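Features of the protein shown, as given by Swiss-Prot:
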type	residues	note
TRANSIT	1-34	transit peptide
DOMAIN	81-270	domain 'BPL/LPL catalytic'
BINDING	ARG123, GLY124, GLY125, GLU126, VAL127, THR128, TYR129, HIS130, ALA191, ILE192, GLY193, GLY204, LEU205, ALA206	substrate binding site
SITE	LYS188	site 'Lowers pKa of active site Cys'
ACT_SITE	CYS222	active site, acyl-thioester intermediate
Amino acid sequence: MVFSVATSSVTNPKLHHHHHLSDFNRNRVSTSLKIMNSKNHTNPRKCECFDLYDQLIPYKKAWSWQKSILNEKKALIDKNQECSDSLIILQHPSVYTMGTGSSENYLNFDIKNAPFDVYRTERGGEVTYHGPGQLVMYPIINLRNHKMDLHWYLRKLEEVVIRVLSSAFAINASRLDGFTGVWVGNKKMAAIGIRVSKWMTYHGLALNVTTDLTPFNSIVPCGIRNRGVGSVKGLIEDGEHYNKLEDLQLLDIAHESLLKEFSEVFQLQMEKQTVFKLEC
């Protein structure tokens, strides 16, 4: 049994690259770090967290990581063995992704002469953009240990982002009837696109933090016309009491809040893992 649900995401070529390879090497030798929120229940399930939020990881590599983790977990399940949940959080270099049934009619360019790489993936939904300044979360979790309900899972992912925007940035975001994702007015702040196989999830959500939204002009994001995309930085700068924060500060704040709220919403104990484990 395999399900796919429409996805979409968000971008920012403005992100500086000066926090990349040195941090990547540090992650490879870092020790496991536990993140646990006091509001979680007494014995929460463990979730291994591959935290690469300050790095630009090529889409193809992250996609391969997800499928590798997914296959490992499915093999354990087939043997009736327990497996922990997993989460990858990162940024991507500029890239467009499409779902299995995506239409090229939503591309405002010739796919043979695309401005960035274009990947067609297993997820549902239409074309979207990922890029620097957008935090992407890929949960690979066993819904048998949570709730075997795709709508429940989607609403929980939305809840994570709504909480982050409210608690970290005082932004009042909400759901929009008939659409998946998180919105402020008619601006989509976060896109959600998942695939579920044997009740194991992959793909996930993307939150525009300091994202340069220009590349969205080259597509019809998620196939939704007459609605725009937004970013945390853009909304903060438009606010009445704007206090200038550097892009890296905004990303740090959003990252910390995403992990905290994900831990609370899904009642998981986050345990940071080294990148080396992904590449073994």
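A Cβ is built for glycine as well, from the same backbone N, Cα and C atoms used for every other residue.
For the recorded site, VAL127 (substrate binding site), the DSSP three-state label reads coil. Looking at TYR129 (substrate binding site) and LYS188 (site 'Lowers pKa of active site Cys'), their Cα atoms lie 13 Å from each other.
Its Cβ taken as reference, LYS188 (site 'Lowers pKa of active site Cys') is surrounded by 28 other Cβ atoms within 10 Å in the chains shown. You'll find the Cα of LYS188 (site 'Lowers pKa of active site Cys') roughly 15 Å from the Cα of GLY125 (substrate binding site). Summed and averaged per residue, pLDDT over the domain 'BPL/LPL catalytic' (81-270) gives 92. When Cβ atoms from all protein chains are considered, those within 10 Å of TYR129 (substrate binding site) total 30, not counting its own.
Other Cβ atoms within 10 Å of the Cβ of GLY125 (substrate binding site) number 26 in total over all chains. For the recorded site, LYS188 (site 'Lowers pKa of active site Cys'), the DSSP three-state label reads strand.
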